[in-house]
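Feature annotations, courtesy of Swiss-Prot:
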type: BINDING; residues: THR50, CYS51, ASN52, ARG53, SER110, GLU115, THR116, GLN117, GLN121; note: substrate binding site
type: ACT_SITE; residues: CYS51; note: active site, nucleophile
type: SITE; residues: HIS100; note: site 'Important for activity'
type: BINDING; residues: GLY190, ALA191, GLY192, GLU193, MET194, GLY195; note: NADP(+) binding site
Amino acid sequence: MQYLVVSFSHKNTDIVTREKLALSDDNKREDVATTLLQNPVINEAIILSTCNRIEIILSVKDPFSATEAVLKKLSEVSGINYEELEGRADIYEDNGAIHHVFSVASGLDSLVVGETQITGQIKDAYKEAYEKGWCGQKLGRVMHYAFKCSKEVRSSTDITRSPVSVASAAVSMAKEKLGNLGGMSALVVGAGEMGRLAAKHLISHGCNVILVGRDLEKTKTVAQEIDPDIRVEHVSNLQKLINSYRLLFSATSSKNPVITKDMVKEQSFDRYWFDMAVPRDIEEIYVARIHYFAVDDLKEIVNKNMAFREEQARNAYKIVGHHVNEFFKWLQTLEIDPIIKEIRKRAKDSALAELQKAIKKGYIPKEYEKSIEKLLHNAFNRFLHDPTKQLKAIADEPRADTIVEAIKFFFEIEEEVGLNRYKCEYYMNLRS
């Protein structure tokens, strides 16, 4: 039994590619799952498709052939050529696959690290796969451990608490100045990476986001990826918008200011403007009740929280690594059980066969059969107790493979048992 994940996410694909790959339609997912499960090397499948990632999670017999099958099918449904998908895809096998799934479920691989929405999305994907018969015990085990891992990461760390990007720092400062942001409306000018991050952070705090961009179609696509409830406006409406709302976050790639003095009117309410762009998007404006913050004003928050976030991420990845090892340890115990069961069965069958021979030949009276059966049962249980205990004890050790293979050879047991152990060591790739 082997695990495989073929992953496309915000880390290795752009918006356009992810949009083409998206399997948000039920029929599309059904088509992909059905095709993959018809392949003899693929046993089970779970399909996760969100705005920021497409994860094909599989239990397979042959990872290489299964990967080819996945890329071929995704090429067919997306219209993207096979070679491009092959070049972009992140492929994870066995221990790496489990570590990746646990990290994703814990929010450590998200665009906004630590976000909680992904756990619910994975639960929905698992529920669909289970109900439609795409997955069974093998991937079910993975999912249950993934949710257990996610719960511990959230309860044992503060990974979501301290912002380390300019966008998250801007939202954090807005929260500091205004308190609860829930129900407020916020303008986000610019649909690039920084604008997307700001929008995601604002939504996570319960804000109503208005996303403003030059390319209306692109802006609509970005908004749809983040949250379907985001309102989209063209930049031509910017003057009216900036004079109507209290919160503004700007992060365009313009070389010149997009908000100038002549666009601004005095209002009776306080406005908080966060300029996240370099060069600055907002011209120097001295208007009453406008509180202006530039990148340099936000760096203090970012720097203050960076060490804290790194510590929390280290703790989170330790938890993930622990759960990966626990998963394989538990899995290996399950896989050793069939061998132990087979040895006990053979011992019992041999003892009972000899008893029947003895009764048939008259060496043992028939009326003693049940008593002798019980005696033999106790004898071979006592004899096998220590070897069974030792076999379970070494399941987590490197020598387990050799010992189990020797037992299988001597007893001529054909049961497939995969005991390869992996040391779970991953370097952190911290993103804000």
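Just so it is clear, glycine is given a Cβ too, placed from its N, Cα and C backbone atoms.
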GLY190, ALA191, GLY192, GLU193, MET194, GLY195 excluded, remaining Cβ within 8 Å of their centroid (NADP(+)): VAL188, ARG196, LEU197, ALA198, VAL222, ALA251, THR252, SER253
Three-state secondary structure, which DSSP defines for THR50 (substrate binding site): coil
Residues near GLY192 (NADP(+) binding site) in space but at least six apart in sequence (CB under 8 A): ALA251, THR252, SER253
Cβ neighbour count (within 10 Å, all chains shown) around GLN121 (substrate binding site): 18
Surrounding CB atoms that lie within 10 Å of the CB of THR50 (substrate binding site), all protein chains: 22
Cα separation, ALA191 (NADP(+) binding site) to SER110 (substrate binding site) (Å, whole number): 18
Cβ-based isolation winner (fewest other Cβ atoms within 10 Å) among the recorded positions CYS51, ALA191: CYS51
THR116 (substrate binding site) CB neighbourhood, other CB atoms within 10 A: 14
Using Cα positions only, nearest of the binding-site residues to GLY195 (NADP(+) binding site) (THR50, ASN52, THR116): ASN52
Separation of alpha carbons, THR50 (substrate binding site) and ALA191 (NADP(+) binding site) (Å): 18
DSSP-derived structure type at GLY190 (NADP(+) binding site), helix or strand or else coil: coil
C-alpha spacing of ASN52 (substrate binding site) relative to MET194 (NADP(+) binding site), in angstrom: 15
Distance from GLU193 (NADP(+) binding site) back to THR116 (substrate binding site), taken between C-alpha atoms, in Å: 20
DSSP-derived class (H/G/I helix, E/B strand, else coil) of THR116 (substrate binding site): coil
Spatially closest candidate among THR50, CYS51, HIS100, the listed recorded positions, to GLY190 (NADP(+) binding site) (Cα to Cα): CYS51
